[in-house]
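Take a look at the structure set out below.
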Amino acid sequence: CRLLQNKRGELVWCPQKINKKQKKRQKKKEEEKAEEEQRKNDVGSPMKPKLVFLPFLVFITVIIESEAVHPVVLETKLGDIRGNEFFFLSKKIRTFFGVPFAEPPVEEFRFRKPREKKQWKKVFDATKPANACFQTRDNYNTSFWGSEMWNANTQISEDCLYLNIWAPADAYNLTVMVWFFGGGFYSGSPSLSIYDGRALTSTQNVIVVNINYRLGPFGFLYLDHPDAPGNMGLLDQQLALHWIRQNIVSFGGNPDKVSVFGQSAGAASIVAHLIAPGSRGLFKNAILQSGSLENTWAINSPFRANQKSEKLLELVGCNKTTVENSMTCLRLISPEQLSLSTWNISLTYLEFPFVIVSRDNHFFGHLDARAALREGDFNRDVNLMIGMNKDEGNYWNIYQLPQFFDKAEPPELTRHQFDSLIDSTFSIQPDIIRSAAKYIYSDPNCTDHGRKTRFYAGQMNQIVGDYFFSCDSLWLADQIRSTHRSSTRKPPNVYVYYFTQSSSANPWPKWTGAMHGYEIEYVFGVPLSYSKIYKRREQIFSRKIMQFWASFAKNGTPRLRVLKNSEHWPEFNEQNHYRWMQLRSGSNIRPIKPKKQEECQFWRRVKDTEYTAYLTQEYASSSHRPDDQKAGVVEVQTKLGTVRGTETDHGNKRVRSFLGVPFAEPPINEHRFKKPTPKRPWNATLSANTLSPACFQPRDSYDSSFWGSEMWNANTPVSEDCLYVNIWAPADAYNLTVLVWLFGGGFWYGSPSLLLYDGKELATRGNVIVVNINYRVGPFGYLYLDHDDVPGNMGMLDQQLALYWIRDHIFSFGGNPSRISLVGESAGAASIVAHLIAPASKGLFQNGILQSGSLDNKWSMDSPKRAKQKSVALANLVGCNQTKITDQTECLRNTPAQLLIDNIWSVGLNFLEFPFAIVSKDRNFFKHLDGFIALRDGTYSNDVNLMFGINHDEGNFWNIYNLAKFFDKQTVKPQLDRDEFHECVETAFAAQPELVRTAAKYVYSDPKCTDPKKKTDFYTEQVNQMVGDYFFTCDSIWFAHNYPKVAGNRSNVFVYYFDQPSSANPWPKWTGVMHGYEIEYVFGVPLHNKSAGYTKEEMDVSEKVIDFWTTFANTGTPSLRKRSVGTTHKIQWDRYDGTDHTTWMNIKAGSFRMIQEIKKVECDLWRNAKDMEYSAYKEELATTSSSPLTRYTIILILLSGILFF
């Protein structure tokens, strides 16, 4: 039996007896005949392959000129539409080109989400192919059709959101195949001639829809702002799918039988739609051709996407002070300039300028795409066909490595050249990865590393194809299977193909093999449209490919209508030994054993390492952990109005999130610098699905490529409109304790929405409600001019108003308003002490946890004189030096926010002094009290239980920033000699009298040191301890010591010493347990971030810390809940009273125990110094001053005991 074509162009099997020799002769005769016909019909010389492929580029409308074309009009929901009707391959089909599915994304809508197409009244002319979205042309070789064939063949325009549709004339209730073109998200068009849907429609009786989407910066610019939200191109695709669902019935399609297929970036897009909540239910089957979202080039982290977008702003001169101004500027830039400028962004090998961003809060909703892929949080009801081509890498090597790969001659490489190319191609990978790749892909029998061979050129093809394409596709196929292994639900069908068929018509040289994109011409039936330039076996092969694709689209299973046993396509599963289907003409369509197992296992380990780095960069994977499952909408009724949030799975519990809930009116315009105003009621339901913006602030620019510092920078838009709270609550919350988080950041930056502060784990594991509150920082929160318009401590009043909001409304979320505990770190801890003093904050909370901070910390509170001094300096810097304070205030209100922020570090600051902090006396927050005096007189709430804590290495973080000459983030611990140690003392304590510096050198020195030039770890550690003691630790210990002694105080006091490092923290190990290291354990990051490399011991520490924190919040006493494993419940935390009971809880894996108080000598030194500072402050208040001699005398008396010791 052999395959023949009948008059209708269908493939049929005819019974015929024929022996092998006859069959071979017949086959050869057919091939010779086809080749002879090709020679007769070729345009130009056969030696010039660029002309052979010229028909590929003929405009679509020209293609059908030879057919009798008749107009046809259809009625749709949006209006009447005119297309064409004609015969192709003996079947009448209809085409509707350039059908709009969205309003033009032009002018003020550039970079924004697409808008649905409005209805039209006149008949819409759909006879011209869709415009290509704006893009730059591939200029590799304008005379070579191998590259030119991918360039847009229709008008390039920003007005481009159109579809091309092919349908049988008698179409009714047919399957719809939706094509997503590739092009690296920077080029491509649905109207390319190679994507002509005629053959697929006419031979397979399906409807083909080619959709368009914005590319480059127009489709994927990301600034984490509504004006540039990122993934606009994906939203275009999504809107097109919605359009198809609503309108395809008018064209004869079944909206419930939609399948998608895409190549390269189109395939990666389809994976993105598997994740996107808004795309679920829009398609049933998906074909992924040579692409996946895991491909390195396909997806960027939010940081990398933002980095490239900001670089583009800079390149075109639009890096303005606010995002709004930048976007206004960017919308005025010509599209040509924008497109050309994208290639001036610094890119690595095979990195494209603007691509999918992994987290965006709109397309991916609450999910992080990379995390979702690993955790199985995607649509698992879609059948998948996943494939790769044999020679994926050659196409890219010709472009990226032209000195070694030329399109004319088969390349040859020496082993030395091969090694060098791996080093350059994978330059961003560690040396150990490159070395391993060289080993895996090299020839072990090769001894002459200088001899050129084709072997290494072939290996370069494979290594690029494997890493950048194939292995990610195979991983996805396995991942889909693995996510169902523990599930009772029926898994989707998964099929894998390996495409090895080249093309006699394709203009690329034969040595390139079956390159990236080679399958497309067969999928779209190009050999049937141009039968004269293709061999007969290629035409037959193309028909089979179309049958496979169409049957999969119809039934979720790829099958041929007439099937040989060898052509049965096995499902990709354990029962079938995970076999692939090899796709090649002749008898080579057959199942094969999996290939590339060793290579892909290697690259998967590399990708896992990259993912761990990604999690480290984001520090907690995403603002919504990857174990969030399908989100449900939940609404609560508050006194102000209805709030809509989400309810999701977290571990084995359900948690509700209400993000960005306003507690105050926006403090903007005339309300800048003023007291906050309570939020007024709202009428419509308030959507609380987006994390609170960060209050306006600068970024920590220590090292933008280092996540140890970047992790603290705002991860949501920065805005003056920022007075919101984020709330997490167990789904069954009722009458629960409320934990209120006050973030740190030196009162100049910080956000309640940092990934590290995600409250879901703490809420579910501790069975509490977690509320992260926001407050104004920098000059917006703490500018002080001793005037009602600029009263100072506005940030403290924001916190206070948030606490009132919680008291009045938390019951609606399941909380008990009489069981509120504050938890804060650094500036957040200092804020809690300030609320103990503030008269209007009394009664708003019952317990407080102070992590590494107190109000007496030098950096946390300024005298009115110093606060006003810095405020006036800022006013002068921005040109607001008016003599009348009301005029000066008006000027400051009209000053751009970014200009204020740009100048805060120029107000004249000492070591570890921040620009704007709490002012000790004001008219609104402290009212009649003085913060410094109240701390010493005990004028504060004495009915609040307090837990104080310090970390082992508080100083190192600040030394890296402020003593950069001696400390940096290098892997090897720096060493200092005694002279360098003394220089550090002089620098860090330059504002202190000389006698204090001398005493510090004595107390922290090594008395046994005889060689002042000998470098040791000892002095490095002493600078760490000294800076930590003065600026953090000793003030916390002093307040813990004094608080229980206040008259009438019956509150509990507990002290901890945190000594647990972190495997996932990006800072080098020598930095120890730095300032802020406890936070990840408090919020349970080791318990839910399974991919960051935390040890079991670290998970256990986090579990205990959450127990301690939440039981303290519940009862005022920290304890451990009884557990089924181990003896953790036997650990007891003793009270601290500063006199008879002075032990602390040591928090460290394997060493949770009470330890005796430490640092007595050091803290006595610094308390004497602080007392001297307080004496000077009181003199300042009395508007008198003491002479330097008198001060030195007092200091000498105060410190004489220390010096004697």
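Glycine is no exception: its Cβ is also placed from the backbone N, Cα and C atoms.
Annotated region 'Disordered' per TrEMBL: 20-44, in sequence order. Per TrEMBL, the feature domain 'Carboxylesterase type B' maps to 73-603, 635-1166. The feature active site, acyl-ester intermediate is assigned by TrEMBL to Ser264. What TrEMBL records for Glu392, His516 is active site, charge relay system.
A simple way to gauge crowding: the CB of the residue listed as 'active site, acyl-ester intermediate' has 27 other CB atoms within 10 angstroms, across all the protein chains here.
Here the domain 'Carboxylesterase type B' (635-1166) returns a mean pLDDT of 92 for the predicted model. According to DSSP, Glu392 (active site, charge relay system) sits within a helical segment. A distance of 4 Å separates the Cα atom of His516 (active site, charge relay system) from that of Glu392 (active site, charge relay system). Glu392 (active site, charge relay system) sits 10 Å from Ser264 (active site, acyl-ester intermediate), taking the Cα positions as reference.
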